[in-house]
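Residues annotated as Fe(2+) binding site in Swiss-Prot, with sequence analysis given as evidence: N136, E139, N165, E168, E197. The feature Zn(2+) binding site is assigned by Swiss-Prot to E139, H164, E168, with sequence analysis given as support. Among the features that Swiss-Prot reports, transmembrane segment is placed at 12-32, 40-60, 76-96, 126-146, 158-178, 187-207, 211-231, 247-267.
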Amino acid sequence: MLEVSSHNVWTALAVTLAAGLATGLGSLMVVFAKKPNPRLLAFGLAFAGGAMVFVSLSEILNKSIASFSNAYNDKLGFTYGTLTFLGGMLLIMVIDRLVPNPHQSLSTDDPQFRDDNRAYIRRVGLLTAVAITAHNFPEGLATFFATLESPAVGMPLAFAIAIHNIPEGIAIAVPVYFATRNKFYAFGASLLSGLAEPIGAGIGYLLLSSVLSEAVFGAVFGVIAGVMVFLALDELLPAAKRYAQGHETVYGLVSGMGTLAISLVLFRYAAP
């Protein structure tokens with residue numbers, strides 16, 4: 001069994017909590033700020049998608065293969081790493097089918113937002129919060145275990161997930177705010193959904209801490225890589241394309257990949 005210091009655990013949990021709290025930031029944009037610039041939102045979503053795809057394929061999947069190789073051999077390491085990567089995508093596909101994530105964020109300009117239709121809006125807000133909360137559990141696990149093994153990988157991933165969480169906070173806050181006219185309720189609903197990430201991380205660690213090994217790390221990282229790639233391709237990039245009015249999606253995608261690539265190089269040189 002691998003030994004993990006309590007300092008690393010608390011660091012990983014803090015990073016995961018910070019990423020989850022970004023949903024609250026999204027709700028603040030609804031209740032206090034003006035309507036967000038759709039082109040900037042498109043760029044930000046694509047940036048997060050590019051960052052998540054790059055770090056998943058270049059670092060997390062490689063760590064899965066390396067961990068399996070240390071536990072077995074190079075041939076089995078590559079095989080098991082690939083299989084768990086595909087298994088991660090299959091897992092999140094099943095979750096997505098059982099608890100569909102609302103891909104179309106509601107807008108304050110939507111004709112559904114009328115004073116005589118608050119019951120409908122309240123139901124939409126509840127369903128949106130439940131769906132996004134369910135999807136936040138695997139994201140919390142991804143951030144936690146990536147940071148636990150290597151902050152150089154976990155922190156950039158947490159940054160990408162935090163960007164991804166901002167529009168999720170907006171998606172929850174819009175129907176709640178217009179159903180209740182209460183800023184506190186809108187902020188609280190978004191924040192509680194984001195807290196699913198550190199809660200999911202804590203539950204995952206408690207379940208796996210007694211059996212942590214190279215093989216377990218390999219399986220966790222393989223699944224995480226698959227989940228992150230699926231989320232980027234299924235949620236972030238399509239959402240970015242919806243808001244884009246030009247080439248913001250491809251510019252954001254390339255910028256996200258480039259930024260993560262440079263940050264990982266700098267982390268390598270900064271490491272002792």
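For all residues, glycine too, the Cβ spot is worked out from N, Cα and C.
Within 8 Å of the Cβ centroid of the Fe(2+) site, not counting the listed residues N136, E139, N165, E168, E197, the chain contributes A19, G20, A22, T23, I132, H135, G140, I161, H164, S193, G194, A196. When each of 12-32, 76-96, 126-146, 247-267 is scored by its Cβ pairs under 8 Å to the transmembrane segment (187-207), the top-ranked stretch turns out to be 126-146. Counted over residue pairs separated by six or more positions, the transmembrane segment (247-267) shares at least 3 Cβ pairs under 8 angstroms with the transmembrane segment (40-60), which defines the two as touching. Listed by sequence, the residues of this chain that lie at least six past the ends of the transmembrane segment (76-96) yet keep a Cβ under 8 A from its Cβ atoms are 61, 64-70, 134-135, 138, 215, 218-219, 221-227, 229-231, 234.
Cβ atoms under 8 Å from those of the transmembrane segment (126-146) belong to residues 12-13, 15-16, 19-20, 23, 60, 91-92, 95-96, 99-102, 106, 153-154, 157-158, 161, 164-165, 168, 171-172, 175-176, 189-190, 192-194, 196-201, 204-205, 217, 220-221, 224, 227-228, 231 of the same chain, restricted to positions at least 6 beyond its ends.
When secondary structure is read from DSSP and collapsed to three states, N136 (Fe(2+) binding site) falls in the helix class.
By the count of Cβ pairs under 8 Å, the stretch nearest in packing to the transmembrane segment (40-60) among 12-32, 158-178, 211-231 is 158-178.
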